[in-house]
Amino acid sequence: MGCNRNCGLIAGAVIGAVLAVFGGILMPVGDMLIEKTIKKEVVLEDGTIAFKNWVKTGTDVYRQFWIFDVQNPDEVALNSSKIKVKQRGPYTYRVRYLAKENITQDPETHTVSFLQPNGAIFEPSLSVGTENDTFTILNLAVAAAPHLYPNSFVQGILNSLIKRSKSSMFQNRTLKELLWGYTDPFLNLVPYPVTTTVGVFYPYNNTADGIYKVFNGKDDISKVAIIDTYKGRKNLSYWSSYCDLINGTDAASFPPFVEKTRTLQFFSSDICRSIYAVFGAEMNLKGIPVYRFVLPALAFASPLQNPDNHCFCTEKIISKNCTLYGVLDISKCKEGKPVYISLPHFLHGSPELAEPIEGLSPNEEEHSTYLDVEPITGFTLRFAKRLQINILVKPARRIDALKNLKHNYIVPILWLNETGTIGDEKAEMFRKQVTGKINLLGLVEMVLLSVGVVMFIAFMISYCACRSKRVN
């Protein structure tokens, strides 16, 4: 009977050891199965999970606008006073609801090209007012005139047209006009062919961004969704010879198996360049573990602080010999219009940017840009892209509307928050298809390993105790 008991204890220990070993073996095998499945499903080709959501996002994406309403326009124009602004918003539009078009796979280069149609639908229930709300804002055409036509004689002619049209440094415009375009009375009098429609985002509706060409990941998963070429803005060629403008993805997804140490690069046609985000924190989004990557202050730093930004310092006066930080001059890809991009309320910007403006209140939580990325698949499940549109206006001796200015202003026009979050239904599907399976496999591995170890130790202790009694 003692022999049978010993044999049973030994058998139990052996079974426990086998379970522990099997659990240990299952772990790398399981990891390999997960990796193989993920690599298959993130490829941008017909039939994969990634491709289905890439063609047309299953997430509602909204673009919110806050407009800087100028409170003292006459005082500024006459005395070069500080500009007092009052932020009004949000005014919300649904965007990115149209599927990609002209999708063409190239099996030789393992790339896929496409156009991204643009469209914006106003959402009254998510807005503080209507598209007909009126604001006092900088006159975009008048402010741009001395930049586009620096010749003194030409400015004199333009000045007569500005006065004839009864235009001034500031103007009243509706939200719809400001964003999507209006016929400018000053430009309408110019006797030679010019674009007379002006708007911060004109043209937008019924246009398309692209052509993009991205790697589909078929041959190399580490390049999936990374942009190979972009032909949407010819003016990018100004920088392309000496500035690495187009890097990374479009931020909707990244190559899988994202680590905290990785720098995520993504291209934004809104700012005519690539930008990057670094790891900020671990988050939980609707039961899905994600990594939050944030846009660092260095992204908009001066070339002295961040040498990678040297090619975006295109002049020495406004930039104060390339020491100004927190704004990006993108006039070269805006047909010479004096457009500057920053974070909202000049967050992380030089103090002199906000000094001539009253009413700004930068806030890291409200004004920073972030991406919440599921690290295994590389899918972006939540994001907030926040940018501010500014126009440079400077004194112009030959233009009456600007001649009383004593210094340059970088005038904030509006800031936007483009945001999207995975829906509840999509999140549940993601948990079942990805997170749930990974967690289940991990649980099985740990249970087998734990039970095996416990059984082995328990049976070995019993066996030793039994042996000790027999000896005694």
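Start at 1 and count along the chain as shown; that gives each residue its number.
Keep in mind that glycine also has a Cβ here, set from the backbone N, Cα and C atoms.
Nobody curates TrEMBL annotations by hand; they come from automatic prediction.
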Cysteine paired with CYS313, where TrEMBL records a disulfide bond, from CYS322, CYS333: CYS322
Cysteine of CYS272, CYS311 paired with CYS333 via disulfide, per TrEMBL: CYS272
Euclidean distance between Cα atoms of CYS333 (disulfide bond) and CYS313 (disulfide bond), Å: 14
Between CYS311 (disulfide bond) and CYS272 (disulfide bond): CA-CA distance (Å): 13
Fewest Cβ neighbours within 10 Å, where candidates are the disulfide-bonded residues CYS272, CYS313, CYS322, CYS333: CYS322
Inter-residue Cα distance where the pair is CYS311 (disulfide bond) and CYS333 (disulfide bond), in Å: 13
